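Student: Feature annotation from TrEMBL assigns FAD binding site to 102, 104, 127, 136, 137. According to TrEMBL, the domain 'FAD-binding FR-type' annotation covers 46-161.
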Ligand SMILES: Cc1cc2nc3c(=O)[nH]c(=O)nc-3n(C[C@H](O)[C@H](O)[C@H](O)COP(=O)(O)OP(=O)(O)OC[C@H]3O[C@@H](n4cnc5c(N)ncnc54)[C@H](O)[C@@H]3O)c2cc1C
């Protein structure tokens, strides 16, 4: 998802209607593209539906989790469960005065995959970062609890293949939301494995995080190593959990997803954290290490291996090259950036 590239009802120039990139969808999910099917649904991709902001929980100084509930409190139709199981998806929220809309990515239910309640599907939870001077995100952050908002969707950004075996997910900032959707979907699929590398701007975004990689080296040793050995690009994963630091909300949800993935498949999810303000960045070495045969799964297990990149435009461009616009749609564009320099060994790259 090129985070900053907006999805507009009526762009500032007033010319185009554009949608986020998507790929062909499967039979279950295709239902959502048919107006006839969607008219009875509380949430549909064709018309805006009224929702209420039932809670707004700050998770850092710039981001909050918004919980939205459909105005009739009717549970979402069963079809949305299929979307949760099979896809990375977004909805659009309208800014009514300006008649513009932006895409946001619902966070997965907090109850384990397979035991969700109707409430889990009836509520939509959005992690929204307040962009400086951003039209829609600032508007939403100003709204008090109890306010009405209008929503349409789902828009399918990626259908997760049935035969997926491994996923490496490079997430920048709120790009963690689609990573959590994938982790939720995979938690119910045995013999899958996922590794998330999450880069945040500030430490507060991932307070109390503890990276899963075994090569954890405390901050401080890095500078010593650099000066001693002149290492340009050490593979260093830092640990953001101090003695008494409580994990932040998103970190706790990632830890819960990790636990669910362990109990259901025995393979599971692992997460490593990086923080710009701590000068800790995802390096090509971190990624190429994960693409090595047998780092995640024995290669004897046939299936699709996905390398997903999601976050602000600059993040996607740095790792995988720009997405492009063609015929009024955002498309993948050629593979560029750092990933085009790595030996991808059959991994399929998708820019979200
Ligand atoms: C599929 C998809 C899913 C997404 N999911 C999420 C999500 O889960 N959470 C999330 O927080 N975001 C998500 N986004 C990003 C979101 O859609 C918005 O792009 C984001 O909230 C910013 O929108 P805005 O209207 O607030 O900012 P905009 O008004 O679009 O402005 C964006 C930035 O550009 C700057 N800007 C605007 N106009 C100009 C100009 N003329 N010159 C220079 N700078 C300018 C603004 O100051 C601001 O910093 C997603 C995007 C996509 C495409």
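Residue positions begin at 1 at the first shown residue.
Just so you know, glycine gets a Cβ as well, placed from its N, Cα and C.
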Student: Other than 102, 104, 127, 136, 137, which residues of the same chain sit close to FAD? List them in sequence order, counting a residue when its Cβ is within 8 Å of the Cβ centroid of the site.
Tutor: 93, 103, 126, 128, 129, 134, 140
Student: What mean pLDDT score does the domain 'FAD-binding FR-type' (46-161) have in the model?
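Tutor: Reported value for the domain 'FAD-binding FR-type' (46-161) is a mean pLDDT of 90.
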